[in-house]
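Please read the structure below before turning to the comments.
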Amino acid sequence: MKDFIRYTKKRNLSLNTIRTYESVLKHYEPVLDSWIKIRNKIINSNFKPRTIHLHKNVLLSFFEFKKLKRYLQNLKLLKLPQIEMKYFDVISKNNLYKKTDILDDDSLEIKKYKTIIRFLFETGIRAHELFFLESINNRLYVLGKGNKKRQIFFVKQTFEQLQKFYENLKGFETTKTLRLYIKKIIGKNFTPHSLRRSFATFMLIKGANPKTVMLQMGHANIQTTFSYLNLNEQTNRRIYNKIMYQNDAE
């Protein structure tokens, strides 16, 4: 198990993701020698469907790393309870811009975190990727999962503002402080991942090419990108009504 955790660290995964992998694998460590025991532990668990699917994904990654083909195949075929549709909190561009406008009486810390929050929304990058930005010939690159470098598009004015604080960013080891400021500036229901989800929702609903959004976010496949599209129930109903109740010309 330790060699797998070392592998996840080399892949440049976030600290929170690595901790999740560790926690899940420790939960299954006593039964990892038997597929039947693993299956029974999954099936008989009292976790919510979303947590069970998370466990499945972690175990799939672990089995793939260990080249346990039979375990991998059996787990892929294992039927799990369906995940209920869940509406996550996202923030609109206009609302985010209002909340991150820098005011004259803002402290230096508030100015810094308002800039970071706006940059995360405008780029859709993962919070920990902030520490791996590289500017080359007016192009911006980030080191993402699996140590894969990708080019990202950005708003020049926001990035120039961010550069004023960038040396301070280098000292962060976790995004815990960032989480606290996001809740303070935007609202208690928001997290760094909410900004990433908000970016995807905004871009896709405005008609952006899904592949462009996929590449910007560093996703390996388009299905993952579409899973970030999050419209609340009211928005879904408004879109449905607009389409269904419009008068089509014959």
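Cβ coordinates are placed from backbone N, Cα and C, and glycine is handled just like the others.
A quick note: this is a predicted structure, and the numbers were derived from the prediction, not measured.
Residues near ARG126 (active site) in space but far in sequence (CB under 8 A, at least 6 apart, same chain), listed by position: SER14, GLY144, LYS145, PRO192, ARG196, GLY218. For ARG126 (among others), the entry in Swiss-Prot reads active site.
Taken from Swiss-Prot, the feature active site applies to LYS145 (among others), supported by sequence analysis. The local packing around LYS145 (active site), expressed as other Cβ atoms within 10 Å of its Cβ over all shown chains, amounts to 18.
All protein chains included, HIS193 (active site) registers 18 other Cβ atoms within 10 Å of its own Cβ. Look at Swiss-Prot and you will find HIS193 (among others) tagged as active site, backed by sequence analysis.
Just so you know, the Cβ of ARG196 (active site) picks up 21 other Cβ atoms within 10 Å once every protein chain is counted. What Swiss-Prot lists as active site is ARG196 (among others).
The number of other Cβ atoms within 10 Å of the Cβ belonging to HIS219 (active site), over all protein chains shown, comes to 21. Residues or ranges marked as active site in Swiss-Prot (evidence: sequence analysis): HIS219 (among others).
In the three-state DSSP assignment, the secondary structure recorded for TYR228 (active site, O-(3'-phospho-DNA)-tyrosine intermediate) is coil. According to Swiss-Prot, the active site, O-(3'-phospho-DNA)-tyrosine intermediate annotation covers TYR228.
Summarising the annotation, Swiss-Prot assigns domain 'Core-binding (CB)' to 1-67 and lists sequence analysis as the type of evidence.
Marked as domain 'Tyr recombinase' by Swiss-Prot on the basis of sequence analysis: 83-241.
Shown for the domain 'Core-binding (CB)' (1-67): DSSP residue counts in helix, strand and coil, namely 53 helix, 0 strand, 14 coil. Across the structure, HIS219 (active site) and TYR228 (active site, O-(3'-phospho-DNA)-tyrosine intermediate) are spaced 11 Å apart at their Cα atoms.
Packing around TYR228 (active site, O-(3'-phospho-DNA)-tyrosine intermediate) is summarised by its Cβ count: 22 other Cβ atoms lie within 10 angstroms of its Cβ, all protein chains included.
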